[in-house]
Amino acid sequence: MSVNLRVAVVGSGPSGIFTAQLLGESDRVDAQVDVFDRLPVPYGLVRYGVAPDHPKIKSIVGAFAEVLADPRVRFFGNVTVGNDISLAELRNYYDVVVFASGASQDRRLGIPGEHLSGVSSATEFVAWYSGHPDAGVERFSISGHTAVVVGGGNVALDVARLLNRTPDELRRTDMPEHVIEAIASSGIRDVRVLARRGPVHAKFTNKELIELGSLTDCAIVVDPVDLELNAEDQEGAANPLVSRRMAILKEYADRGSRGGERTLRLEFNTRPTELQGDNGHVRSVRLARGQGDDISTTDVATQFVVRSIGYRGCELVGLPFDEHRGVIPHREGRVIVDEEHLAGTYVTGWIKRGPSGVIGTNRLDANETVTAIVEDALTLPHARSEKSGVDPLELLRAREVAVVDWNGWLSIDQAEVELGRDLERARVKIHDRSEMLNAAISR
Ligand SMILES: Cc1cc2nc3c(=O)[nH]c(=O)nc-3n(C[C@H](O)[C@H](O)[C@H](O)COP(=O)(O)OP(=O)(O)OC[C@H]3O[C@@H](n4cnc5c(N)ncnc54)[C@H](O)[C@@H]3O)c2cc1C
C-alpha cells in the first residue's frame, strides 16, 4: 500500500520539476504535488539562464511540461514563498515542503570600482538578455569598442558569444526585441574573456569552446604563451578532456587574429585588480597578467564589464542557511537545524549543493532528496489527517495574489508564439510581468 503525501515544491526550475516527476513515479507514495514559483512562468534557469542561442538544450522544457501538466500536479506561478505565503503556512498544509529555489545572487570581485555603472554581474546581464521580468528594459546600454568578461566558465563564454552574434542570428532566438537592438547597435568589436588561472584549470566545456570558432566574422585570439605549461600543469593536461581543450586552444592560437571584423580574446592567467571611471561610469580596467612573481599590469579601455564568477543562493525566512557556501544545510536532502532534521522540509538543486553541474545533475540530486522523502514517509509517523492548514490556493486568493496556474502559463506561452509571428520570428519572450499576467488571464 502506498502512503498519501501532500507536497509543496518551492521553485519550478529543473530540480523542482525533477522532484515532482520522481515523486509521481514512485509506487511507494501517492503524492499530490504543488509547484510554486515566484515568477509567472515555469522552468527557472532553463528559461532565464541557458543561452537563447542553445535551443536544443532548452528543448528539455517539453519533458518538463509533461510533468507540470499531470493532473496530480498543480502549478502556482507568481507566488513568492516567504512573501505571499509563509513557510509556516505551507508546513501547516503540506506533509512535505521541498526547497528548489536555486541560486539567483551573484558573487563580487571585491576590487575597487566595482560599483561603477557599466560594470555588472553575469546574473544581471543574463537575466536581461533572457527577458527576465525583474530586469528593466533600459538596464543595459552597451557602449564602447571593448567588452571585458571576467570569468573562465561556460557562462562567461555564453556572454562573450552572444555579444558577438549577428542581428540575424539573434533574431532566431526568443530574445526580446529591445535586447537584440541593444546588442546589434553596440559598437563592441573586441570581447576579452579573462580567466584567473591557466587553460588547464579553465571551467568551460570543450563543446562551448569549439562553438566559438563558428562565430561569423569573429577571430578567436589565444596567446601561445598561455599554452606553455609548467610541470604541474603538464600533469593536469594528461586528462583527455584537458588535452582536447589544449588542442582546440592551440588551433585558435595558430590561426591568430586572421579572418574577423571582430575579436574574441581568451586571456588566461589574467585578472582585474581595479576598475577606473569617469563621472561614475567605467573607463578602464587594470589587468594583472602572469603567475607567481612574474606579473605585469596593463590598463585596458572599456565601458562595459561583466563579471561572471559564480552564482550564489540566498537565505529564505524560517530556514537555516550556510552563509559561507550560500546553500541550505542538509543531510541527503533533509534540511538540518542544530544537527536535527527540520521535520517535513527538504532541499534540492542549486540551493542544496551550490551552483554546479548541468541540468541532468539536478535529476540525480532530486533523486537523493526524493529517496529521503519516501523513506521518511514510510518510516516516520506521518499525520496528514492532523494537518489543519487551509489550501494555499484559498489563502492566496483571499490575499488577492494573481496566481498563474498551468493554463495561465499555456496562455503566456501562446502569446509569446503570437508575438513572434507578428515580428516574423518563431517566438519572442514577453519580459514585462504585467503583460505576462494579462496574457495569463485573457484567454
Ligand atoms: C547563465 C547560465 C547558463 C546555463 N546554461 C546551461 C546549459 O547550457 N546547459 C546545462 O545543462 N545547464 C546550464 N546551466 C545550469 C542549469 O541552469 C542549472 O543546473 C539549473 O537551472 C539549476 O536548477 P534549480 O532548479 O536548482 O534552480 P533554478 O533553475 O534557478 O530554479 C529555481 C526556481 O526557484 C524559483 N524561486 C526562487 N525563490 C523562490 C521563492 N521564494 N518562492 C517561489 N519560487 C522561488 C525561481 O524563480 C526559479 O524558477 C546554466 C546556468 C546558468 C546560470
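Numbering starts at 1 and runs along the chain as it is shown here.
Every residue gets a Cβ built from N, Cα and C, even glycine.
TrEMBL has this to say about the protein:
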{"type": "DOMAIN", "residues": "6-166", "note": "domain 'FAD/NAD(P)-binding'"}
{"type": "BINDING", "residues": "SER15, LEU45, VAL81, TRP350, GLY357, VAL358, ILE359", "note": "FAD binding site"}
{"type": "BINDING", "residues": "ARG196, ARG197, GLU208, GLY357", "note": "NADP(+) binding site"}
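Only ILE359 of the binding-site residues listed as ARG196, ARG197, ILE359 bring a Cβ under 6 Å of any atom of ligand 1; the order follows the sequence.
In three-state terms derived from DSSP, VAL81 (FAD binding site) belongs to an extended strand segment. The binding-site residues in question are LEU45, VAL81, VAL358, ILE359, and the one with the fewest Cβ neighbours inside 10 Å is VAL358. Sequence-distant contacts of SER15 (FAD binding site), defined as residues of its own chain at least six apart whose C-beta falls under 8 angstroms from its C-beta, comprise ALA100, GLY102, THR348, GLY349, TRP350, LYS352, ASN362, ASP365, ALA366. Looking at the residues that bind FAD per the record, SER15, LEU45, VAL81, TRP350, GLY357, VAL358, ILE359, the two CA atoms farthest apart are separated by 25 Å. When the Cα atoms are compared, ARG196 (NADP(+) binding site) and VAL358 (FAD binding site) turn out to be 22 Å apart. In this entry, ARG196, ARG197, GLU208, GLY357 make up the residues listed for NADP(+), with the farthest two CA atoms of the set 20 Å from each other. The average pLDDT computed for the domain 'FAD/NAD(P)-binding' (6-166) is 96. Recorded residues GLY357 (FAD binding site) and GLU208 (NADP(+) binding site) have their alpha carbons 15 Å apart, per Cα-Cα distance. A gap of 35 Å separates the Cα atoms of GLU208 (NADP(+) binding site) and VAL81 (FAD binding site).
For the binding-site residues ARG197, GLU208, TRP350, GLY357, the largest tally of other C-beta atoms within 10 A is found at TRP350. Annotation note: SER15 (FAD binding site) sits in a helical segment as assigned by DSSP.
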